[in-house]
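According to TrEMBL, the features are:
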- B:12-35: transmembrane segment (TRANSMEM)
- B:42-62: transmembrane segment (TRANSMEM)
- B:68-89: transmembrane segment (TRANSMEM)
- B:101-119: transmembrane segment (TRANSMEM)
- B:146-165: transmembrane segment (TRANSMEM)
- B:192-213: transmembrane segment (TRANSMEM)
- B:225-254: transmembrane segment (TRANSMEM)
- B:266-285: transmembrane segment (TRANSMEM)
Amino acid sequence: MTDVSRRHLLGGTVLAAGVLALPGLVRAQQDGPIKLGTLTPLTGSGGSYGPGMAEVVKKAAAEINQAGGVLGRPLSIISEDDQTNPEAGLRAARKLIDIDGVSAIIGTWASSVTTAVAPVCWQAGVLLATVSGADSITRLPHNGFIIRTQPNTSLQGRKFGEFALEVGAKTVAFMSPQTPFTDAQFAELTKVVTAAGGKTTSLIYDDKKTTFRTEVDQVLRGRPDAIVMGGYTTDTAVLIRDLYRANYRGKLLGFAYAVNRQLVEALPADVSEGIYTLSPSAAEGSGGYGRVAKLLGVDAPDTYACQVYDHLNLIALAMAAGGGATGAIVRDHLRKVAQGGGQPVNNAAEGLRMLAAGGKVDYDGASGPCDFTEIGDITDARFRYEQVQGGKITLLKIA
Amino acid sequence: MPEDVLQGWLQALLNGVVSGSLLALPALGFSAIFAVLRFPNFAVGALATAGAYAAWVVNARLGLPVGAGVAAAFLVAALVGVLLEAAALERLGRGGALMKAIGSLAMAMVLENALRFAFGNDLQAFDLPLARDMLLGPVRIGPQQINNFLVAIAVMAALWAFLALTPLGRSMRAVADNPDLARLKGVNPRRIALITVAAGAGLCGVGGTLIGLDTAIDPLLGGRVLLSVFAAAVLGGLGSIPGAVAGAFVIGIAEEFTVLALSPSYRMAVGFVVILAVLTVRPAGLLGSRAA
C-alpha cells in the first residue's frame with residue numbers, strides 16, 4: 001500500500017518535473033499545428049531568391065495540409081527575412097525559436113547568415129536546413145542539427161575532376177585566384193584525378209594583373225591536357241585569351257558563373273570554342289522539379305526554390321517516421337527517409353501515405369537525390385554541364 | 001632543365017617588357033601632371049578606362065579601325081581630364097596638394113560609376129581577331145603585344161619631341177622647373193597646367209586602350225592598374241618623364257618575375273619592396289632630380 005503510493009508519488013513528480021523542464025516550444029507542439037520557420041533573404045543581395053523560396057515552402061505546406069497534415073496535425077509556416085545579413089538573420093532566428101517555437105528553420109541562403117544562425121539552432125534543438133555552400137558550415141559542432149542541399153565547394157572540386165577525366169584528360173592544371181574555397185577545391189580535384197592515375201598541378205594567380213602570360217607559361221610547362229579555371233568573369237576572360245595566344249589546344253573547364261554569356265560575347269568565337277562549364281543544378285526533368293515549377297507557376301524554378309521544397313518534405317517525412325514534431329526527432333529520422341533504400345518518392349503527401357501504410361521511403365527531390373553524410377552534406381548532386389559551341393553556351397547534360 | 005629555366009626567364013623578361021610598356025603611358029601621364037601641377041592625380045586609372053571605352057565605341061560600335069580608336073581615346077580622355085581639373089580639382093587647390101589628391105580619388109569614383117552607368121558592368125571587347133603567338137627562337141610573343149609595344153614607344157617618342165622641341169613643351173618644362181620664374185617670363189601657368197592635364201590624361205586614355213586591346217574592357221580596367229602605375233611613377237622619380245618609363249619597365253618586369261618564384265599574392269609586395277630598395281639608395285627615384 002505504502003509502496004504503491006510512493007511509486008505513484010514518484011511517477012507523478014517525475015512527470016510534473018519533466019513537463020516543466022520541457023521548453024515551451026515542445027509543450028506548444030504537443031497538439032495544434034506543427035510550426036516551422038522559413039528564414040530566407042527577402043531583401044539584400046539574396047533578395048532575388050528569398051521570396052520564391054518562402055513562397056514554395058508555404059505552398060508545399062498547404063499541399064501537405066490538404067492531404068491531412070503530418071501526424072494528423074497541420075503544418076504552420078512562419079516566414080522571416082534574414083535581409084542577407086547575419087545580424088538581422090540572428091534576430092529573426094531568435095524570434096522564430098523563442099517566440100514562435102518552431103522545430104525547424106528552412107532556407108538560410110548566405111553562408112555568413114547560416115554561420116551566425118546555426119549555434120542558436122543547435123543549442124535550442126532546432127533543425128536548420130540551409131542552401132549555403134561554404135565547407136565550414138557543416139564542420140561546426142552542430143550535433144546533427146544542420147543539413148544542406150547545396151553542394152559544398154569540395155564537391156564542386158570533385159565534379160570538376162570527374163568531368164576532366166570524362167573528357168579524356170590525364171594531366172589537369174588548376175588556375176585560380178585566391179578564394180576561400182580554392183584549396184578545398186583543388187584538394188578534391190587532385191584526389192579524383194590521381195585516383196584515376198592522372199596528375200594535377202595548381203597555380204594561384206593575382207586576378208588584378210592585366211596579363212597572365214607568365215602564369216600561362218608556368219602552367220603549360222607541365223603539359224596539361226585540361227585546365228580548370230577557378231576565377232571570376234573578368235580574370236577568366238584574360239586567362240582564356242592568354243591561353244589561346246600561347247597556343248594551348250587542350251580542354252578548358254570553368255564555373256558557369258564565370259564563363260557566362262557576357263564572357264562568351266566578349267571573346268571571338270574561335271577563342272571560346274569548346275570551353276566546358278559546370279554549375280550545381282536542380283534535378284531538371286525530375287518529378288519533384290516539375291512539382292516546384294507547378295507550385296510557383298514558372299517554367300524553370302531556380303535551384304534554391306527546389307532545395308527548400310526538399311527541406312520541407314524531408315522534415316515532414318522525418319517527423320512522421322519518428323512519430324514526433326521536435327527538431328531532435330527530425331534530426332534522428334531524417335536520413336531514414338532520405339536515403340538507404342525504400343520506395344522512391346518526390347513529395348511529402350505521397351511519402352506520408354506510404355509511411356502510414358508501414359512502408360519505407362527514399363526521398364529523391366527537386367534539387368537532387370537528397371542523401372546526406374554524417375555531418376549533413378549531400379553526398380551527390382546534379383550538375384549542369386555546358387559547352388561553348390559556335391559562340392553559344394549549349395547544354396550537354398544534367399547529371 | 002637549366003635550359004628550361006633560362007627559357008622561362010627570357011619569356012618572363014619579354015612579358016615584363018610588354019606589360020611595362022602598357023604601364024608606361026599612364027605612368028607618364030601621372031608623372032607629367034605631377035611635374036607641373038604638383039599633386040598626385042589618382043584619377044588616371046579612371047581616365048584610362050574612359051579612354052578605353054571611347055576607343056571601343058569608335059571601333060566596335062562605329063566600325064572604324066583601331067587606329068581611329070586610339071586617337072579618340074586620347075581626345076576623350078584629355079577632354080575629361082581637363083573637365084575634371086577645371087570643374088572640380090582646381091578649386092580644391094587652395095586646400096593644398098592633399099586636398100587635390102583626395103579630390104582626384106573622388107573624381108575617379110564618379111567617373112568610373114558614370115562609365116558603369118553608360119556601358120554596364122559587362123565585359124566589352126574590341127572588334128579584333130585574336131592571333132596565336134609567334135615563336136621567336138626560345139620565346140613567344142603575340143602580334144598584338146608587338147603592336148602595343150610599338151604604339152607605346154611611338155607615343156613616348158612623340159611626347160619627348162613635344163616637350164623638347166616645341167615652344168609649348170618648353171613652357172611646360174619651365175613651369176615644372178620653377179613656376180614663379182616661368183610666370184615672370186610671361187608664361188600663363190593656368191593655361192600650361194590645363195594643357196599638361198590634357199596631355200597627361202590623353203596618355204592615360206591611350207594606355208587604357210592598349211590594356212583593353214590586350215585583355216577586355218570593363219569599368220575597373222584602369223582602377224586595377226592604378227597601384228602599379230603609381231608605383232612606376234614613384235620608382236622613376238615623381239615628375240620625371242624618362243623616370244616614369246624606366247619605372248614602368250622595372251615594375252612590369254619585377255611583377256612577371258614574381259610569378260616564377262613566389263606566390264602571386266606577393267606581387268604587389270614585390271613592387272613595393274623594389275620601390276623601397278630604390279628609394280633607399282636614390283631618394284629622388286631612379287631618374288628624379290629634385291630630392292627635396
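Every residue number used here counts from 1 along the chain in the order it is shown.
The backbone N, Cα and C atoms fix where each Cβ goes, and this holds for glycine too.
Recorded stretches compared: B:12-35, B:146-165, B:225-254; the one with the most Cβ pairs under 8 Å to the transmembrane segment (B:192-213) is B:12-35. Away from its own ends, the transmembrane segment (B:266-285) comes close to residues 227-228, 231, 234-238, 240, 243, 247, 250-251, 254-255, 258-259, 291 of its chain (Cβ-Cβ under 8 Å, at least six residues beyond either end). Across the candidate stretches B:12-35, B:101-119, B:146-165, the maximum count of CB pairs under 8 A to the transmembrane segment (B:42-62) is reached by B:101-119.
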